[in-house]
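Enquirer: Please see the structure below; I have some questions.
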Amino acid sequence: MANDYLFTSESVSEGHPDKVADQISDAILDAILAQDKYSRVAAETLCNTGLVVLAGEITTTANIDYIQIARDTIKRIGYDNTDYGIDYRGCAVLVAYDKQSPDIAQGVDRAHDNNLDQGAGDQGLMFGYACDETPELMPLPIHLSHRLVERQANLRRDGRLPWLRPDAKSQVTVRYVDGKPHSIDTVVLSTQHAPDIDLPALREAVIEEIIKPTLPADLIKGDIKFLVNPTGRFVIGGPQGDCGLTGRKIIVDTYGGAAPHGGGAFSGKDPSKVDRSAAYAGRYVAKNIVAAGLASRALIQVSYAIGVAEPTSVMVNTFGTGRVSDETITKLVREHFDLRPKGIIQMLDLLRPIYEKTAAYGHFGREEPEFSWEAADKALALAEAAGVEPAVQVA
C-alpha cells in the first residue's frame, strides 16, 4: 500500500431504515432471551412505508408480544409521526415466524449442560480486528462515522436542533501517512430534516454543532471538505424513503471496510449462531492481542462446520506489526481462548438480553458494560506468555 493514501468508512443513524430493522430484530431477541436463554432465534425484519414484517425462525418457551415490541422500538427511535417516514401507532405489523429446522437443531441442542461440544449452528467464516488508531482500538474512520450520527441523534433528542429527524448517514475520509492517521480529508453528513429549515442554516448548524465537536483537534490540518446534505433536501426518510431490512449494514456494524467480513449479519441471531458469537469472539481476541502489545494491528479469522464444535481454522495476521511471529500469536490464541461455540458463549456470557444496544452505532469499539467482547482482560496473560510489555494499562 502507498505511504500516503485516503481511506473512507461510513455509518448510519438509529433512524436509518436498515437500522430500524436491526433494532427491532434485536429487541425481539432480547425479550426472548430474558424469558428463555436457551431459545433459538433468527429474527428478520422488513420495514417499509406504514408496514413492518417480522419473519424468520424462533424456537422458544417465551411468551412474547412481538407486535408491541416492534411498535415500542419504532417509538424509541423517534418515529412517532407519519411525516417522518413511519408512525409506531398506525403502522401495520405482520408476524410470520417458523420454528428452527430440526435438522439444524440436532447439531446445536446440547446447550443445557456443561458439554462444550455444542456444534456450530452453521458453517462459515468470521473475522475480528483491532488496531491502535483510537483508544478503543478501532479504525479511526468508522469510529468517527459512528460518533457523528450518534451526536446527530443526541442533538435531535435533547431538542437543541429541533428540525432534525431520525434518519441520517455519515462518511469520513482520513488521510494516512506511513500507515497512521494524519488528517481528516472529507466529512459527509446527510440528515433528514423538517421541511421548513433552509439549507444554508441547516448546513451551518450541522458543521458547527455536529461535525466540528466530533473531530479530533490534532487531525484538523488545512481545509476539510464538509459535504452536508449534498442533494439539497432530505425530508422524506426512514422506511418511507427506503425499505429497511435486517442485516444490510454489516460493514457499518463491524470495521468500516478496514478488515474483511465473512458475510454473516448479526442482528436477530441468538449466540448459537457463530455468525454473531464468533465475530464477537474474534474482536475479543484481536483487541487483547493489540492491548497486550503483541502487535499494533491484528486480524483474526475463524471458520466452522455446521454441527462441529472445534473451529476448522484459526488464522492471525498482524500485517508485519507483530513483536512476535504470527505463528506464535496463533498458538497463544488457541491456548488462551476457547473458540468452540459453547466456549465462546460462556467466555463472553452471551446468553443475556444485551443485543438491542448493539444494533446501532457499531457492535465494536464501544465501552458499554454489557459488551464483554470489548474487555482487555486477557492482555496481561498474553503479554506475559509472549514475554512483552502490555501496550495499554491492564487492571
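Heads up, residue numbers simply count up from 1 along the chain you see.
Including glycine, each Cβ sits where the backbone N, Cα and C put it.
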Enquirer: Can you check which of 100-110, 320-330 Swiss-Prot lists as region 'Flexible loop'?
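Expert: That would be 100-110, the stretch labelled region 'Flexible loop' in Swiss-Prot.
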Enquirer: Out of Glu44, Glu57, Glu150, Glu204, which does Swiss-Prot tie to the same L-methionine site as Gln100, Asp242, Lys273?
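Expert: Between Glu44, Glu57, Glu150, Glu204, Swiss-Prot records just one in the L-methionine site with Gln100, Asp242, Lys273, namely Glu57.
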Enquirer: Would you kindly give the Cα-Cα distance separating Glu57 (L-methionine binding site) and Lys269 (ATP binding site), rounded to the nearest Å?
Expert: 10
Enquirer: If you average per-residue pLDDT over the region 'Flexible loop' (100-110), what number do you get?
Expert: 62
Enquirer: Quick check: of the binding-site residues listed here (Asp18, Gln100, Asp242, Lys249), which one has the Cα closest to that of Glu44 (K(+) binding site)?
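Expert: Out of the listed candidates, the nearest Cα belongs to Asp18.
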